């Protein structure tokens, strides 16, 4: 029986009660003291898999904590849930669908049945279709209306059709293929469209319209604007097929737009947008880094899939990260989680993980529709490297909130400059160390006295220089940001999110909150342009509509 058919109140489980008791016992736990008392703590709380090294020793845990968290995973039948996910059972209850993004990275020889049909041949058929297109563009065989080769590819999409592909293509910029530049157009903002098209020539530009329904408002409006721009630059309707392709499950709408059916790449309803970069949605990735590197990306994710399915929970990277998140969110009161990549090319990973985590686990009812009895997904935020140290790290160190953090850092830079990377790596480690160690009152006073401060100044300033420490963090180290390791890294967080959804009993694969805003947006638009005379549902919205209409002259 699929795991979601037996919803649970996690707070009523014996393992949850045991964790509550343990949390009270851990109230005065000190990481600083734990490291001093146990020379093997680092060894005990680190593991390596799929090209990733995880140090989770700087957490408010001991061996008993880990055992109790694993006990919770066992009580919610996490093993059964993982099996359900990979075997294509219905894990998205509200939409009655499986969630099979993992199928997109499985070998061609595998067999996976959905409604009695093996989907793997279709998965690899699309992969071959992508391979063919990428080869034609890279070889200069796909030409625009003036017979010049394509030099620029613009991906028009939003949400999962944008964030994942943008992350990967920019993270793997060192693997970029010469001759083709990739761009992204997501927001329904004329300024973004204007800034992008200023860099392009219509005769050598190919647009990818990525929308499962071919009806996503922002994507469709941008596609229509791109089409109008193409025609205004000298392109013709007859040659439109050379400049527009689609990734969609709505072939009829794409054909009506002017895209040839053979240039429409399919999507399946068992792949959610935020999990779709492994599908034809990843076409701009393949165009950016080449097909062999795209397949390495898939292989890296597949290796993490294997690890997730086979490793004992005590040594299972996604499971441990997920359970630590539950530990802080449900037992220590943490409301957010910081993602801190110390690599310029990984600067967009926080945006992708925001959608992955918050759209998946931002839920308040369980799979069966009953209210949850505990907090669920945290706010995900953060930013790149040393920049954050001079911005929001102050709050991490001395603020009143407990905010767990993930540091992500490579050992090797693709672009070494003097000793910059050694300093970058040192900063990453020292930040996690400072969060853990802090600075005591005695240390603050000694530091001030060593600098020659008077006793009056010491007593006046010492409290300001005290840093509580004992702030938890994980550190993920990769040798370098390669396609395979990046694939494993993204899959790691996908599985982390799923594990947490299983613990809380919620559906990680729907997003009904997003749909409400879309529905209301149509009515607001109609009132803005005057095609709807009835008042808005509330005075605030109507007042803002009136304010716009009284001043807009567009």
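Numbers run from 1 along the shown chain.
Even glycines carry a Cβ here, placed using N, Cα and C.
According to Swiss-Prot, the feature active site, proton donor maps to 359. Other Cβ atoms within 10 Å of the Cβ of residue 359 (active site, proton donor), summed over all protein chains shown, number 22.
What Swiss-Prot records for 390 (among others) is active site, and it gives sequence analysis as the kind of evidence. There are 8 other CB atoms within 10 A of the CB of residue 390 (active site), with all protein chains counted.
Look at Swiss-Prot and you will find 518 (among others) tagged as active site, backed by sequence analysis. Under a cutoff of 8 A between CB atoms, and with a sequence separation of 6+ in the same chain, the neighbours of residue 518 (active site) are 217. Secondary structure from DSSP puts residue 518 (active site) in a helix.
Geometry remark: residue 359 (active site, proton donor) versus residue 390 (active site), CA distance 29 Å.
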